[in-house]
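A.B. asks: Pasting the feature list from TrEMBL:
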BINDING   29-36, 97-101, 151-154  GTP binding site
DOMAIN    20-277  domain 'Tr-type G'
Amino acid sequence: MPDSATSPASDARLAGHPAALRRTFAIISHPDAGKTTLTEKLLLFGGAIHVAGAVKARGEARRARSDWMKIEQQRGISVTTSVMHFEYGGAVFNLLDTPGHEDFSEDTYRTLTAVDSAVMVIDAAKGIEARTRKLFEICRLRDVPIVTFINKMDRESKDPIELLDEVASTLALDVSPMTWPTGSGQNFKGTFDLNNNRMLVFDNTDRSRIGEVIENYTIADSNFAEEVELVRAGYPAFDLESYRAGHLSPVFFGSAYNNFGVKELLDAIAAWAPPPRPQPAEPRAIEPTEAKVTGFVFKVQANMDPNHRDRIAFLRLCSGKFRRGMKLTQMGTGKILSVNSPILFFAREREIVDEAWPGDIIGIPNHGVLRVGDTLTEGETIKIVGIPNFAPEILRRVRLEDPMKSKQLRRALEDLAEEGVTQVFRRVIGGDHIVGVVGELQLDVLKTRVEAEYNVHIDLEPAPFETARWISADTKADLEEFMSANRGGMSEDRDGSPVFLARNAWELGYIAEKSPKVKFSDIRERS
Ligand code: GDP
């Protein structure tokens, strides 16, 4: 574990550039593993909040669905804090919130395309859970480096070796423990810092106290000494290159609730987590040190008030020094935007900023011009790639109450699909609209917004399908053969790409096996 974070790992590529100090990351976890609690503790260290509970209150409010809608409506633009900018130990952090619980959505996945690294929080009693695994897979698409935090050691936990082996085998990831716990639950006594031979003591009687650190600690307990030797011999040592390539994850044990192990985690991110990466783009990759500004929109947050069509687009800066008032060109349409009120988000407030650097996220208020996946530049024609659509996990058929409004409905669904709220598929036979989301709450958002903003009343009925896959084949003939043989399941997404809708996973497996020339994909890059 790094001693201090005063000197974030130098990166020759970025030497002396403000981008070198940026750490843009997200926390991935299964609901209830402790993401909100950990976020709060990280922000406390960053001085971004002063009262424990500030983030918690927000987390709980968000979970109550009706409250969430009401608050959104009253305040106009969403109150959910999507990005938290803070400084600590000489580094500048941008922590991107990945919506969880009911507000889980495609945004959760897409946010992971805008980070340079992630922290994976695991509940020590539960190990790897479904959503952690799914989010990890999304990180793996880009080999995003991951630091693992095994949380809730103050509760009875699984055996730590078992936990490490579970991470390693389920995720096919090398793990390198940085600290090693002694006991758990009532017997949790702290963690031993394997690299610096010091003991971080957990005060079981006063859990609010930040534990003592004993330097040059000699382990007296022979069982524990033996275990530590075993662990040192059994797992690879930390290797920065391997971590940054996404192959090895350093692992910390702690308790977010008790603020135990959190500082060590934050120090590790400051010291090791990568600064902004070169951004894949067409026709060439973009280096963060380039003089001209580029960025991409990974999320659009709408105003729930039908009278105000304002949106905030979240722009991840990839290069250049952004200055307030700049004119940026939207690739594709060629529209030029004057960015006069760029917003930087802190834990409790937001501010108009005068400048920002690669790795930073700025909010750009606009009237619906900016869409998810958009590239903004100072004029150069270049398109950032790698911001995909993810196959929806919940499908519904849209039933229109007033058939005279089918044109409005189509427009509403297309607009909201472009904004990234839902995906929409039009069936080849019959022309039904099937909408797809990855989180239930998006269905409510869709219905509310179609009614409020487009004055179209709809019902969302169960669809006869459970699974959607983009299909492709080496030759057009192969694709067309498949499409005509399976017309009942064929549809088009908003860009006209063919999507096969399967009644269930079994049918998908069966048809895929019968159609070896066709590729079924659960990810599609936005064009
Ligand atoms: P999230 O759903 O991942 O954001 O999880 P939360 O941060 O809301 O935590 C879920 C529950 O676990 C809450 O009741 C927290 O107080 C509790 N919790 C979080 N961290 C710890 C911990 O280190 N120890 C214990 N005992 N409970 C924790």
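Every residue gets a Cβ built from N, Cα and C, even glycine.
What does the local environment look like for each feature on the list?
C.D. replies: Spatially close to T98 (GTP binding site) yet at least six residues away along the chain are A26, I27, I28, K35, T108, T111, L112, L135, judged by Cβ distances under 8 angstroms.
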A.B. asks: What are the non-local neighbours of M153 (GTP binding site), defined as same-chain residues 6+ apart in sequence with CB under 8 A from its CB?
C.D. replies: A124, P181, S184, F188, T191, F202, F253, G254, S255, F260, G261
A.B. asks: So which one is it: of the binding-site residues K35, H101, which has the fewest other Cβ atoms within 10 Å?
C.D. replies: H101
A.B. asks: For D32 (GTP binding site), what is the tally of other C-beta atoms lying within 10 angstroms of its C-beta?
C.D. replies: 14
A.B. asks: Does S29 (GTP binding site) have same-chain partners at least 6 apart in sequence with Cβ under 8 Å from its own Cβ, and which are they?
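C.D. replies: Spatial neighbours, sequence-distant, of S29 (GTP binding site): K35, G100, M120, V121, I122, R131, T132, L135.
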